[in-house]
Amino acid sequence: MNKVNVVWFRQDLRLSDHKALYYALKDAEQSGAKVIGLFHIHPSLNDEFTIRHDYFFRSLEDLVHQAADYQFPVHFITGKAEEAFQQLLDQDFTVQSVFYNKDEVGFGRERDQSVNKWLEAQDIQVESFVDAHIHGAEEVHKKDGGHYKVFTPYYRMWSSLDKPAVFSVDKKKLSELGADFTDQFQEGEEAFRDLLSKCTKEWKHIGERSAIQRLAHFLHNKVHQYEENRDFPAKNATSMVSPYLKNGVLSPRTVYHKAMEVKKENGGESKGLETYISEIAWRDFYNMIHYMYPNSKHEEVSEQYQGIDWNQDEDYFEKWKEGQTGYPIVDAAMRQLNTIGWMHNRLRMVVASFLTKDYLVDWRKGEQYFEERLIDYDASSNIGGWQWAASTGTDAVPYFRVFNPTRQSERFDPEGEFIKSYLPQLKDVPKKYIHEPSKMSAEEQEQYNCKIGEDYPEPSVDHKTMRKRAIEVFEKQKDS
Ligand code: FAD
């Protein structure tokens, strides 16, 4: 019987710079095995199907097509983990080893542990790798072995470590060693086609080739101005690679090394590039924090803020979700999220601060809403970002420093360009009023085609009052 090495794809939907694939091919070459790709369709996918799933399955489809071009099919199994993997044992080939890139946190970590145990009990060798981050959760630590809680010293240590090289996958080997058992995985094929039939969005830039192109475009045209421009949502000055990184369509090692090539071309100096690399390190930092605080999706990392008296008023939460707060920058940002499944980083900070401080709504609700809406939803970065904004994380904004949404708007969208792109009812409102349209007189509302209370809401809360209240609530909690 054929011996087969299985590459279990999960959130690493690419064929380049892929550790598990690299090692599966290397091993197969030496041991005379064939190699197949595998994807496990989890039954929970029948319960929920959000924009994130739509994006994910289109990315997976792209991987399947690309792999097929190299005669390297990706097969599908379905059902609960063990029963799904049993399907592998029932085929007319022998599974020699399963190779995969591991999840270090959350549901994936637990799933990996139980599947590992099960595979090993069936005498199947398992090889798993840290691949989704430049440095895995355990790699960056203090000299005494303890973990960092604050980004700056973490980053200093992160920067001092040697960076892993790119794991280039030889596509010729992929064609030589790939084996096709499609006829034995018909049920899985059908389940995959069913999922694709639920995808309704038109994604223009899906898959590995688009990811590489987008990264190259950013590095060759924008990275040197990243430092000055990245906080201005209307400038389109960030790389927008987060959905690719999240689904593993792009490897963070590739991002790092491509950035380094550009640095070299630029004579070794670029503040923009340095800042960009540090952002990529934030991703590793939050993965490490999540690993160290496995319950942080549900619980404040900072114990002193566990049990805050959050506002239970659903009305506020609804207004925030729908972009009806009466603060244009917040509303435009929420509409960006609801429309394209992505939001600019500055705006994520603004809306998260607004929800947790101006509305005093529980950060968990915001975190959950982002999970439903973001195509780049990454539990670690999202929890980290929310706990940062809510002042409950390890390296959080102090609770008494509350973002003023109007000042943020004036500073980072001075002409109201971004606001107008998502709130067309404000398109004729001049710069003077774009950040606070409710200040227009009745005549001005007439003149600028925007009636407050009809076309656009009054501010739902007074920032000054709510800021004071939030600080009091945090102080009370701290002293309790
Ligand atoms: P760039 O500015 O081009 O940065 C490049 C890459 O660096 C990003 O793609 C991302 O992988 C990483 N990065 C940048 N900033 C951060 C950061 N603060 N934390 C962690 N990684 C970072 N990022 C996610 O990928 N998924 C999330 O679910 C997520 N939720 C967030 C929630 C909140 C409340 C906040 C404040 C931030 C969140 N972020 C999240 C971080 C950040 O907003 C996005 O990574 C960034 O906006 C993605 O756009 P970009 O690729 O153009 O970023």
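Cβ from N, Cα, C; glycine included.
Automatic prediction, not curation, is the source of TrEMBL annotations.
What TrEMBL lists as FAD binding site is Y226, 238-242, Y276, 279-286, 376-378. Other Cβ atoms within 10 Å of the Cβ of A281 (FAD binding site) number 20 in total over all chains.
If you look up TrEMBL, you'll see 3-134 marked as domain 'Photolyase/cryptochrome alpha/beta'.
DSSP gives W310 (site 'Electron transfer via tryptophanyl radical') a coil state; it is part of no helix or strand. The Cβ of W310 (site 'Electron transfer via tryptophanyl radical') lies under 8 Å from the Cβ of L360, V361, D362, each of these being in the same chain and 6 or more residues away along the sequence. Taken from TrEMBL, the feature site 'Electron transfer via tryptophanyl radical' applies to W310 (among others).
Among the features that TrEMBL reports, site 'Electron transfer via tryptophanyl radical' is placed at W363 (among others). DSSP classifies W363 (site 'Electron transfer via tryptophanyl radical') as helix under the three-state reduction.
The site 'Electron transfer via tryptophanyl radical' feature in TrEMBL is assigned to W386 (among others). Within the same chain, residues at least 6 positions away in sequence whose Cβ sits under 8 Å from that of W386 (site 'Electron transfer via tryptophanyl radical') are A352, T356, W363, R364, G366, E367, F370. Following the DSSP three-state reduction, the secondary structure of W386 (site 'Electron transfer via tryptophanyl radical') is helix.
Sparsest Cβ environment among the recorded positions Y226, Y276, W363 (other Cβ atoms counted within 10 Å): Y226.
Sorting each residue of the domain 'Photolyase/cryptochrome alpha/beta' (3-134) by its DSSP state yields 61 helix, 34 strand, 37 coil.
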